[in-house]
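Student: According to TrEMBL, the protein carries these features:
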BINDING   10-15, ASP35, ARG40, 91-95, 132-133, GLU166, 277-280, ARG347  NAD(+) binding site
BINDING   162-166, 221-225, ARG261, 268-274, 339-340, ARG449  substrate binding site
ACT_SITE  CYS277  active site, nucleophile
DOMAIN    333-454  domain 'UDP-glucose/GDP-mannose dehydrogenase C-terminal'
Amino acid sequence: MKIKNICCLGAGYVGGPTMSVIALKCPEIKVTVVDLNESRIAAWNDENLDNLPVYEPRLAEVVGEARGRNLFFSTDVDNAIDAADMIFIAVNTPTKTYGEGKGMAADLKFVELCARQIARIAKNDKIIVEKSTLPVRTAETLQTILDSTGNGVKFEVLSNPEFLAEGTAIEDLFNADRVLIGGQQTPEGKEAIQSLVDIYAHWLKPEQILTTNVWSSELSKLTANSFLAQRISSINALSALCEVTEANVDEVANAIGTDSRIGPKFLKASVGFGGSCFQKDILNLVYLCRFFNLPEVADYWEQVIILNDYQKYRFAKKIISSLFNTVSDKKITFLGWAFKKDTNDTRESAAIYVAEHLIEDGAQIHVYDPKVPEAKIKADMRYLWELKGFTEQKIEAKLNQIYVYSDPKEALDQAHAVAVLTEWDEFKTYDWENIYIKMYKPAFVFDGRNILDAEKLTNIGFRVKGIGKG
Ligand code: NAD
Ligand code: UDX
């Protein structure tokens, strides 16, 4: 079946960039991205491409070329479903915050709503593509819901998990290590798989497109994220040992990464991994393992999260102990709030948890991030404290301990300490001599990303503490 009309449910960090690239590379296909969130769709349609809701290098360029030609953003979900031959589901699947599986399982209510809406609207056969990250065997649930109307419309469910990383999304989509397509091994299933292969074949080589059965595809996504996160927790665990033995974690990472069986990527010690995926997907895997009565497997993967929480806590504790065991009323400047550079996304950012620990100890947190506005930073903290059940009065008092700047110089002026939470390139180019002059002495730098030149800063007079450096 040759696809002429695609609809994507969910215009977020995945739906927006992936559909923009499909539209760019397949000009003969009409691509409509829909969302229930009106302001998000308005931002995708904003004439000024600087106002797109997702910040990603080169995204504005891609949207600028395809939008209005064969790429459309809309809130008219029903019409887009009706017109489409192929529907991608790219809605959020966060960790459940209530009921059965609270704090562990993926909340599939948004996905289920999509399936029910498609079942209600569809009048002709459609291919449904799981783009969201889902627990293994979700395709079975979707198929049951889709078939429940009994109106004769046939649905073929494919799994096509997304492997892009934020900050490099466009590059990752243009030149994917692989795309993965899972489907039923029936003639109809194979035909549906081929329709999706044909789309990616517009710009990827055949060897970059892997096809599997639907369950392997679903499980591969959770597995890939768990393996990636496991590498970070492994090197972060070793960073703690480096700090007490005078080994240097960057040197250790480099030494082991040259072993071709280990490889050099994803071995950068840090203040802890963040982002919307790693924690959520590992928790989901742990939950699935417990559900299938595999407690040893569950415990094994859960340790990746436990270590990550420890790493964030350890960083905050080091700031407090270095500042003579109290940060009460001290100005601690956070350089960076996003969970990594080149994105405006802050979900599960280590900065949130480090700030929480320091605020608990009475610190005044002064934040500068080139892409994250004040409202987002305060909303992140508010959300955390609301989940903890804090009263409104307590939340307001704690929010008053946070100051956000659009000028890094102001954020750094008269600070007791600087903490680097995100590895934005611009932090390396700052005039650190001038910053030193204007800070309280002794002036501390806690480099949670090991991006600054520690020797140079030490020569200026700073007391520098990196991750995994003695
Ligand atoms: P997101 O929160 O940025 O976007 C999801 C969007 O879906 C939201 O704008 C929301 O309003 C919309 N939505 C929810 N229910 C809807 C409905 N019924 N109809 C229409 N729109 C609806 O989330 P995201 O980061 O784009 O992630 C989406 C999925 O992709 C998740 O399952 C995630 O695990 C997975 N994923 C994310 C990344 C990433 O880097 N962010 C990478 C790979 C996979
Ligand atoms: C991740 C996966 O990489 C991607 O394939 C999947 O589709 C979505 O989840 P993302 O979360 O966007 O992507 O970014 P990623 O580059 O994986 O970084 C995640 C976190 O790990 C960030 O906080 C980053 O700073 C941290 N990290 C990454 C490290 O601390 N050390 C590293 O060596 C690599």
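Numbers run from 1 along the shown chain.
Every residue gets a Cβ built from N, Cα and C, even glycine.
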Student: When you rank GLU162, ALA165, ALA269, CYS277 by Cα distance to ASN92 (NAD(+) binding site), which of the recorded positions ends up on top as the closest?
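Tutor: Looking at Cα distances from ASN92 (NAD(+) binding site), the smallest one goes to CYS277.
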Student: What subset of the binding-site residues GLU162, LEU222, ASN225, ALA269 lies within 10 angstroms of the residue listed as 'active site, nucleophile', using C-alpha positions?
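Tutor: The binding-site residues passing the 10 Å Cα test are LEU222, ASN225.
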Student: Can you tell me how many other Cβ atoms are located within 10 Å of the Cβ belonging to ASN225 (substrate binding site)?
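Tutor: Result for ASN225 (substrate binding site): 22 other Cβ atoms within 10 Å.
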Student: What is the interatomic distance between the Cα atoms of ALA269 (substrate binding site) and GLU166 (NAD(+) binding site), given in whole Å?
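Tutor: With the alpha carbons as reference points, the distance is 19 Å.
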Student: Minimum Cβ neighbour count within 10 Å among the binding-site residues GLY10, GLY272: which residue?
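Tutor: Comparing Cβ neighbour counts within 10 Å for the binding-site residues GLY10, GLY272 gives GLY10.
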Student: Can you grab the distance from ASN225 (substrate binding site) over to THR95 (NAD(+) binding site)? Cα atoms, rounded to a whole Å.
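Tutor: With distance taken Cα to Cα, THR95 (NAD(+) binding site) is 15 Å from ASN225 (substrate binding site).
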Student: Scan ALA269, CYS277, PHE339 for recorded positions whose C-beta lands under 6 Å from an atom of ligand 1 and note them, or write none.
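Tutor: Listed by sequence, the hits are CYS277.
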Student: What three-state secondary structure does DSSP assign to ASN92 (NAD(+) binding site)?
Tutor: coil
Student: About how far apart, in whole Å, are the alpha carbons (Cα) of TYR13 (NAD(+) binding site) and GLU162 (substrate binding site)?
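Tutor: Pair distance, Cα basis, whole Å: 11 Å.
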Student: So if I take the binding-site residues (GLU166, LEU222, PHE339) and measure from each Cβ to the nearest atom of ligand 2, which come out below 6 Å?
Tutor: GLU166, PHE339
